[in-house]
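Enquirer: This is the structure, below, for whatever I ask next.
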Amino acid sequence: MAANATAISDLPPLPAIDLQPMPDLLPFISDFWLGLIAPHIAYWVLSMIFHLIDVYDLFPQYRLHTPEEITQRNLASRWEVARDVIIEQIIQIATSAFLSLTEARQMTGMEDHDVAVWATRVRLAQRALPALLGTLGLNAAAISKNMAASYPLLAGALAGGHYPFLTTTLEGATGSIPVPAFAPWELLVAKAIYWVIIPGFQIWLAVCFLDTWQYFWHRAMHMNKWMYTHWHARHHRLYVPYAYGALYNHPVEGFVLDTVGAGLAYKVTMLSPRMGLVFWTFSMCKTVDDHCGYALPWDPLQRLTSNNAAYHDIHHQSWGIKTNFSQPFFTVWDRFLGTMYKGDVKLKYAQTRASAAAKDARKKGGEVSVNDMAASLARSKEESEAKGEVRNRGEKMMDKL
């Protein structure tokens with residue numbers, strides 16, 4: 001009993017908790033409204049960057065499709081796309097508002113206490129070191145004694161978390177009282193766990209949940225004729241995707257696939273409101289990037305995983321529509337369930353480019369001979385082969401992962 005009391009007294013005391021409402025992240029807008037609009041501001045800002053690249057043809061060498069393909073192959077006008085995207089975003093904002101209102105106000109003032117709790121766990125974990133080293137035939141007490149003068153912190157860890165030289169003062173009714181203190185490395189580990197590892201793990205779980213949700217719903221909408229005809233077919237009116245068409249969906253599909261999926265990921269993984277803001281904004285940017293129509297070698301979102309614009313673009317083609325269902329982050333489910341597109345896509349892209357060029361010429365009143373079409377196809381094929389590593393970036397990056 002006395003030994004237990006001594007062991008407990010060796011532990012540093014925990015800081016007091018003083019809960020206060022967390023101040024807003026930005027001084028000119030509340031966190032509530034910031035959470036509602038930030039993902040959609042990010043959506044349109046990133047979309048407009050890609051739109052300017054598209055309109056001024058700034059990086060033609062990285063295009064997945066030619067401008068003629070956008071005008072000749074897509075079955076929805078840009079106005080229709082923008083209108084439906086705004087409708088979906090209104091639904092998402094309303095849903096986000098509902099989720100936010102179900103959350104208690106985020107508080108602050110317990111962070112130092114929670115970090116100290118993790119530091120206490122680190123201290124308690126050290127008590128297993130002597131026994132663990134003993135199983136390896138090492139005398140932890142002797143090693144600790146020999147190192148005490150030169151490496152006191154390491155000696156304290158080897159002694160089972162015994163740091164008699166680390167003290168601080170605690171103000172009490174009778175004045176200052178000396179109490180045990182944490183080692184700097186213990187606090188560093190505790191802060192890493194509290195501020196980095198746990199939030200990172202929660203975000204990772206949310207990503208995995210959203211990927212799983214979207215894969216199976218997305219695949220179901222292709223396998224079920226009724227759901228495809230009534231819901232998902234609208235999104236596939238864009239054979240040539242572009243950035244702000246990322247959320248061009250039927251309202252029901254958008255609600256089920258995107259809004260509910262992201263909302264459940266937020267709730268299931270118990271993200272804080274600010275972590276949810278990061279998760280939703282990042283997911284929105286990733287979705288825009290996946291539909292941008294460019295395989296940009298310096299785009300960090302396209303380097304992050306193999307599920308990028310080149311990968312998802314295959315799914316938008318008539319010959320790849322029953323493959324590459326995974327979105328928006330990883331390709332795990334496509335790999336595991338055998339729905340990843342396999343094969344060379346260069347010739348297929350060359351054929352669609354040549355066909356779009358021929359249609360565009362006919363529309364402008366020109367005549368296209370068989371020889372002209374063959375020459376156009378040959379040129380498209382040569383361009384595709386010359387830029388093969390760019391056009392086929394999705395497959396190359398998949399091999400790396």
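Note that the numbers count up from 1, one per residue, in the order the chain is shown.
Keep in mind that glycine also has a Cβ here, set from the backbone N, Cα and C atoms.
OK, TrEMBL features for this one:
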TRANSMEM  32-53  transmembrane segment
TRANSMEM  192-217  transmembrane segment
DOMAIN    205-339  domain 'Fatty acid hydroxylase'
REGION    376-401  region 'Disordered'
COMPBIAS  379-401  compositional bias 'Basic and acidic residues'
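Describe the structural context of these features.
Expert: Residues 24-26, 59, 89, 92-93, 96-97, 100, 242-244, 246-247, 273, 276-277, 280-281, 283-285, 287-289, 292-294 of the same chain, all 6+ positions outside the transmembrane segment (32-53), place their C-beta atoms under 8 angstroms from a C-beta of that stretch.
Within its own chain, the transmembrane segment (192-217) has Cβ neighbours under 8 Å at 111, 114-115, 118, 256-258, 260-262, 264-266, 268-271, 275, 278-279, 283, 325-330, 332-334, counting only residues six or more beyond its boundaries.
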Enquirer: With helix taken as DSSP H, G or I, strand as E or B and everything else coil, how many residues of the domain 'Fatty acid hydroxylase' (205-339) land in each class?
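Expert: With helix first, then strand, then coil, the domain 'Fatty acid hydroxylase' (205-339) has 88 helix, 1 strand, 46 coil.
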